[in-house]
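Annotated in TrEMBL:
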- 1-23: signal peptide (SIGNAL)
- 33-117: domain 'G-protein coupled receptors family 2 profile 1' (DOMAIN)
- 132-383: domain 'G-protein coupled receptors family 2 profile 2' (DOMAIN)
- 134-154: transmembrane segment (TRANSMEM)
- 166-184: transmembrane segment (TRANSMEM)
- 220-239: transmembrane segment (TRANSMEM)
- 246-266: transmembrane segment (TRANSMEM)
- 286-310: transmembrane segment (TRANSMEM)
- 330-350: transmembrane segment (TRANSMEM)
- 362-382: transmembrane segment (TRANSMEM)
Amino acid sequence: MACVVQVSLAAVLLLPMAPAMHSDCIFKKEQSMCLEKIQRANELMGFNDSSPGCPGMWDNITCWKPAHVGEMVLVSCPELFRIFNPDRDMGVVSRNCTEDGWSEPFPHYFDACGFDEYESETGDQNYYYLSVKALYTVGYSTSLVTLTTAMVILCRFRKLHCTRNFIHMNLFVSFMLRAISVFIKDWILYAEQDSNHCFISTVECKAIMVFFHYCVVSNYFWLFIEGLYLFTLLVETFFPERRYFYWYTIIGWGTPTVCVTVWATLRLYFDDTGCWDMNDSTALWWVIKGPVVGSIMVNFVLFIGIIVILVQKLQSPDMGGNESSIYLRLARSTLLLIPLFGIHYTVFAFSPENVSKRERLVFELGLGSFQGFVVAVLYCFLNGEVQAEIKRKWRSWKVNRYFAVDFKHRHPSLASSGVNGGTQLSILSKSSSQIRMSGLPADNLAT
């Protein structure tokens, strides 16, 4: 069960290349190969169910070929133990074929292969992976709810419709798609608490992985667009935002389409194995990883450039304030830009695959899953324009409600006639304007 969690987490993580196969899948593959070897050996040796000797078997750890009575069979420790215990010298395990069947393995797997160490480490890893999965599930769920609410607010109020908020909305959508794709992938590929996913190779599961990678790459590119737009806004005094937004849209959604399409085509022709959730070919993986790392690095350069521009602006005499207030504003601006630009991804962008793997999982999966929540809070709910517009709408609603209730009490006959408050207010406003208009000539004549 926990190994299934491990596969799921490795598939979620984009920057490091997911390993070719995990422990549960390795055992399944070894078992399948073992059964084929036993069948071939039985055919060569003429073994059947009534033949004397020891039949070949898979003991859930390694494979034992058929043997005659009195024969001793030696096997090396499974390769999987070498992966988990690279510093340990692996030995060999033997079994004797007796008239009563196979003897117990000697020396035991615990002594020869460090099986107890493997089990202990696997148990710790299982608990760790389950904890990380629970963390990123909560994170993506929170982000999805918060981003959906932010999208409704930005779409609902027309005064908030501008190029800056349109870019924010596209970023929100990319975060939402990323969260949805993670949930779909976990649900479809890893819903079963067994190792059936190791041999899934359907068009549906491959399409899910293509959709998942597209959503993740699109999210990185819209983070890049946010950085590019803000940098352009600070550098250029006048620029056609609408025309730029057209190119931003092409880059944000079009470039990931090209990258993922090329990756899927190459994967189909050169590495069409499994459900495409594992990566045997590093070269093919860089078709996706390369553009992502490139966007992260460019965004980091833009981030440094923006910080330099902010420092220059804050230190100008026109800004005013003492030195402490200047650094406070700079620190606040920097903290606001980090989640918007995805600067935290640069921490592990070029680190080796096997270095700080646990820390990388927590950082990019656990903390990264809350990035959508942080961005929605900072750039929607705490945005001054958004708060002012919500307050204005709230005051307008309260005023309309007050006059509707007041009119109902003052004119119960109209209220009971089935005319609603909004209609009543419009009738009142129209009648009052007509009275004023009709009264103008009389006043003029009186004068």
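For all residues, glycine too, the Cβ spot is worked out from N, Cα and C.
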As a quick check of your reading of DSSP, tell me how many residues in the domain 'G-protein coupled receptors family 2 profile 1' (33-117) are helical, how many are strand and how many are coil.
26 helix, 21 strand, 38 coil
State, in range form, which of 134-154, 220-239, 246-266 has the highest count of Cβ pairs under 8 Å to the transmembrane segment (362-382).
134-154
Among the ranges 220-239, 246-266, 286-310, the one whose Cβ pairs under 8 Å to the transmembrane segment (166-184) are most numerous
220-239
Six or more residues out from either end of the transmembrane segment (286-310), which same-chain residues have a Cβ under 8 Å from its Cβ atoms?
14-15, 17, 213, 216-217, 220-221, 223-224, 227-228, 230-231, 234-235, 255-256, 259-260, 262-263, 266, 330, 333-334, 337-338, 341-343, 345-346, 349-350
